Amino acid sequence: MAAASAGGPSNPPPTQQQSSPTKAVRVVVKGRVQGVFFRDWTVETARSLGLAGWVRNRRDGTVEALLSGDPYKVDEMVSRRIPVGPPAAVVTAVVPSPAEPVAPDEGFHRKPTA
């Protein structure tokens, strides 16, 4: 009879508790960001930081990207890298919004214009 109450609540496996957190942010980048190597630069920079996601031109002249991965590296990309961009770009605004993370094994790639 005592055995039923002796077990207590079960704990989730340690791997679930200790998995690294993932952050995802969707950004719209405004300014002179098309025709200046911005998408390719974003792919190279995001991959170098180990981020997953995508980047694409938008018909309104902006660039849109989804950045997913280590929170510190996502913040690095959004706060420090994208506002500077490649040499020929002139970024006037970076508008972030929350997004759902993507699987790391999806990598980072270019998508067609939307």
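Glycine is no exception: its Cβ is also placed from the backbone N, Cα and C atoms.
What TrEMBL lists as region 'Disordered' is 1-24. The domain 'Acylphosphatase-like' annotation in TrEMBL covers 24-112. What TrEMBL lists as active site is Arg39, Asn57.
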Around Asn57 (active site), how many other C-beta atoms are within 10 angstroms of its C-beta? 19
Inside 10 Å of the Cβ of Arg39 (active site), count up the other Cβ atoms and send me the figure. 21
Summarise the domain 'Acylphosphatase-like' (24-112) by DSSP state, stating how many residues are helix, strand and coil. 25 helix, 34 strand, 30 coil
Take the C-alpha atoms of Asn57 (active site) and Arg39 (active site) and report the distance between them in angstrom, rounded. 8
If you average pLDDT over the domain 'Acylphosphatase-like' (24-112), what do you get? 97
